[in-house]
Amino acid sequence: MIPLFTSRQVRSADEFAIAKLGLPGLVLMENAARSIFEQIKLNLPLSENTTFGVVSGKGNNGGDGFALARHLLINGYKVIVIALADDKELKGDALVNFRALRNLIKYYPDSKLIKYKRLNDLSILKNADVIVDSILGTGSKGELREPYKSIVEKLNSIDAFKVAVDLPTGLDVDTGYGDVVFEADLTVTLSEYKTGLFYGKGYTHCGKVVKGSIGIGSEYYNRLETDTYLIEPEDAFVNIPLKEPDLHKYSAGKVLLIAGSRNLPGAAILAAETALRAGAGAVILAVPDSISETVRTKIGSAVVISYNDNGKGFLTEEATSQLEEKICWADTIAIGPGLGRDKDTINAVINILKKNNGKKFVIDADAIFALANSKQYLKNSILTPHLGEFANLIGIAVEDLKVNPIPHAKKFAAKNKCHLVLKGAPTLIFNPAGEVFVNTTGNQGMAKFGTGDVLTGVISSFLAQSGNNEASAISGVYLHSLAADLLAEEKTIYGFTANDLMEKIPYAIKFIIDTFLPDIED
Ligand SMILES: NC(=O)C1=CN([C@@H]2O[C@H](COP(=O)(O)OP(=O)(O)OC[C@H]3O[C@@H](n4cnc5c(N)ncnc54)[C@H](OP(=O)(O)O)[C@@H]3O)[C@@H](O)[C@H]2O)[C@H](O)CC1
Ligand SMILES: [K+]
């Protein structure tokens, strides 16, 4: 897991370096600039003709930009620097670097340092191959003010490779949101990763995220407390359930799926078939009588049982007693995909959770809808809502939730003592202890019917095998999205279906096992 930090924590490292280590801020800025230059060389195909545009703000982020411009100059690149502030407004280390650049650039006739006056001044950057955003960094507060907002919009409209220093200007680096944000292709973030680079929409603005350095290493950060982590491929690997040599089908994880209704039989089939492909030894799918024949003709290896639905085609409260025996039998019960939203189904779901409170449930889709007014029986379960379902569950408008879902989700998981998998881009996993795990895999092709049912299948399968909620959620989410990434390589983000995703789950598991097993054997 890679820890993520708040902007306040990252700023405290700068203060620590200056106050406790006695390193002058100017040294930190020089280190930062040199490391950004190194990352640019590593990540961009540069030639002697590459022209850089550097746009610098009035704080230390701007200072990093001036220092970087100096390194670009002395390494032979043409640089056009637009200073949004000059020596009347600049101060401290940023001012020192501005002056040094102003003095040095006179010796490089092809390069220019321009004081920004009007938006049109930025037109000169149309000739730049690379645009560097050193406008705002961790000192940024709230939505962008003018003229910064228009400047960022203008820069976004120019066709060049875009590099953000520390973070893209306009992005709230704690929440990952922002109204107008610099659209970077590469973000060189200083020292450690910050939450907002990956939360919310952060990752859509950052491009590739790499680390630069102010020259104090990671030890200081290792002592800082954080509750937020990026999931790494190794985490997916170590959390795949172990298969002991003496397993038989019932000790290899028993999943009961309560899913499907007359109008939505497909969701149930997808989830059940996926559960088998993710390693569960026995999977039973419980569906209403009315659809059991249809489901049996379409399903592969999962066993189908049916309950009396009095011809209604959906789960009713009356039917719940018929499921009791199988609920006791199962290690994990997945409930929700395709159940429908009839009042009777809602009562049945609540009834099942209430009677079996404490059993391991994976609660998805219509079962989440059912719980809007009845959240007291979620202990020990994993809920897998998308943003809309979660908004409905906690009774707030999606638009309000979107602004920053993190605090709501943290509170929900802690209060209800459950794991919450908030599906989205990226998917975030919340545990009852208040920690957040950010998934790093996946693509837009997953926004399609049925992909959520596949996730329910993987997580419930892992949970039945391992009994470990957190491990199952982390590994399940990662591998589900990795399967989508493998499919995107083969079929593009347009071309794969939920069925393909289900079929690809074993290959994603294999990919991760093959990647890490040799290391373990060494
Ligand atoms: N020594 C160090 O601390 C090092 C810092 N590094 C780099 O510095 C930045 C952080 O620098 P800081 O000066 O604290 O802040 P910024 O450069 O990000 O920006 C400050 C100015 O931004 C203005 N501001 C703030 N919010 C907005 C907004 N919404 N719209 C427009 N302008 C905004 C603010 O103006 P005020 O008038 O509000 O005061 C400030 O002037 C860090 O990110 C690193 O890049 C180096 O890494 C080296 C060590
Ligand atoms: K920036």
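Positions of Cβ are set from backbone N, Cα and C atoms, glycine also.
What TrEMBL says about this protein:
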BINDING   60-64, 137-143, TYR148, ASP166, ALA267, GLY338, HIS386, ASP453  (6S)-NADPHX binding site
BINDING   ASN61, ASP133, THR169  K(+) binding site
BINDING   LYS423, GLY424, ALA425, PRO426, THR427, GLY452  AMP binding site
DOMAIN    10-222  domain 'YjeF N-terminal'
DOMAIN    232-512  domain 'YjeF C-terminal'
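Ligand 2 lies under 6 Å from the Cβ of none of the binding-site residues TYR148, GLY424, ALA425, PRO426, THR427. The AMP site, placed at the center of the C-beta atoms of LYS423, GLY424, ALA425, PRO426, THR427, GLY452, has further neighbours from the same chain whose C-beta lies within 8 angstroms: HIS386, LEU422, LEU428, ASN439, GLY442, MET446. Within the set LYS423, GLY424, ALA425, PRO426, THR427, GLY452 that the record links to AMP, no two Cα atoms are more than 14 Å apart, and one pair reaches that distance. Within the same chain, residues at least 6 positions away in sequence whose Cβ sits under 8 Å from that of GLY63 ((6S)-NADPHX binding site) are MET29, SER56, LEU90, GLY92, ASP93, ALA94, LEU95, VAL96, ASN97, PHE98, SER134. Of all the binding-site residues in the record (ASN61, ASP133, THR169, THR427, GLY452), the one with the smallest CA separation from LYS141 ((6S)-NADPHX binding site) is THR169. Among the binding-site residues ASN60, ASP133, LYS141, TYR148, THR427, GLY452, residues whose Cβ is positioned under 6 Å from ligand 1 are identified as ASN60, LYS141, TYR148. A straight line from the CA of GLY338 ((6S)-NADPHX binding site) to the CA of GLY452 (AMP binding site) spans 11 Å. When the binding-site residues ASN60, ASP133, TYR148, THR169 are compared by Cα distance to PRO426 (AMP binding site), the shortest distance belongs to THR169.
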